[in-house]
């Protein structure tokens, strides 16, 4: 048995709507035809009855005229004859035009009564009317006949109105039945369409729910609707493709997750992953050992298992998408009764759409590193103190020796003496830098704070370096914001920071370059920046540039302590210093000082 060809949804809807429209038009035409027929019949009947009333009125008028003629002293026979002829003519016209049998019989009665009246009329021309009783009876009989005719016509009009009203009710009932039929047909059609089209769609929806739950063994409905059938076939193809994809890809995904889990668990740093609600999704063994010890962190918030306020605030900021742009103080934790120092940093994880989806906390045990740095600082301090006295003595002795020696200016000996003097001066500066660095590292350096005018401070710094810039053909521009406040600063130390930044900018600027010395207020802080368009700083070096003994760029100078000293000075003032740079496009060092 062959399955009927599927009919398109558009065709089904067209046929259903066409059937409704056809029934509606049939009912409308039937109503119009009935109303027109009713009106035409009513008009004909009313016109006939009104014509009868008009005939009755004319006959009564003519009868009255004849009576007036007969009542005269000398009746006018000719006038009477004309009136009689008119009476007969009107009567015959009425009889000819009437279609109602009752009215026809009434008109016949009027004719007979008038003939009787005419039989007594000649005698009236010779004797008075009062002496003729037969005429009076005939006249009264005719008058009553005319009254009956008029009453009959009025009754016909009333009957016609009643009949028209009944027929109108009938037409209204028929139209109501047609309307009910249309509603029933529409309801049945809509229900049929909804059942035929809704059932397979509901089945597809249930199948989609099962697929969403991971069950791909679904039964799809068969239908003879072309569009729904096509949708069902494509849905089946999709389900089969998903089944195959799951079969081939789930293991790969799980394998990839296991590999990623192994990588996260094998790195030396502690790693904690937060979801967008601040709850811990994953912590590798190193992080659990360093931070949480005996607590299971999964599903908990950081403030439930770690009391450090800085870490809690940093997690909240990272979940808001804020990037941590400065080093945070080491985290002190107690592990197996031993105090450990952990360096940590937080990184927000954002969706391509821009909203936050979580954060990542990275921790590293720096206990040994900090101990080494402390030993190094102590060694540098002691070595600097031990070296400063003999080196200073050697420099003074060499200066006295140089004054006693007299070599020609162009001689080899003069060049050697000049080289030794420069290197000894450089060595003294290095020892002084080491001493200063050690003082800052050990907290021995104290600030001498005083109210400072930033405009005057930066203007003098510009004036100090303009000659050096002109010698290198580098322009130095000062850009000051409005209403810079006075700050409590150690002016000598801040001048040292600005001079160091300007010196570095000059060293790394090409001929024809530009340096901008800027200052402006930002809320409760003042930003001071030195920006150049020189060679820039490689990305790999930007994170280490403020570490001691680190030098970057092709042009070296000093011992690599300048930026470390700048950082220490700014931190003592309660501020911070940072850098932004694009290799080949220059660098911008900026510091933020509290107001």
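The backbone N, Cα and C atoms fix where each Cβ goes, glycine too.
Taken from Swiss-Prot, the feature topological domain 'Cytoplasmic' applies to 1-12 (among others).
Annotation comment: Swiss-Prot describes 13-33 (among others) as transmembrane segment, evidence class sequence analysis.
Summarising the annotation, Swiss-Prot assigns topological domain 'Periplasmic' to 34-167.
Per Swiss-Prot, transmembrane segment is recorded for 168-188 (among others), and the stated evidence type is sequence analysis.
For 189-595 (among others), the entry in Swiss-Prot reads topological domain 'Cytoplasmic', with the evidence type a curator's inference.
The domain 'HAMP' annotation in Swiss-Prot covers 195-247 and is backed by sequence analysis.
Annotation source Swiss-Prot lists domain 'PAS' at 258-323, citing a curator's inference. Restricting the average to the domain 'PAS' (258-323) gives a pLDDT of 79.
Annotation comment: Swiss-Prot describes 327-369 as domain 'PAC'. Broken down with DSSP, the domain 'PAC' (327-369) shows 3 helix, 28 strand, 12 coil.
Annotated phosphohistidine per Swiss-Prot: 385, in sequence order, evidence recorded as experimental evidence. Here the Cβ of residue 385 (phosphohistidine) has 13 other Cβ atoms within 10 Å, regardless of which shown protein chain they belong to.
Residues of the same chain lying 6 or more positions beyond the ends of the domain 'PAC' (327-369) and with a Cβ under 8 Å from any Cβ of it are 268-276, 281, 286-287, 289-291, 293, 302, 308, 310-311, 314-315, 317-321.
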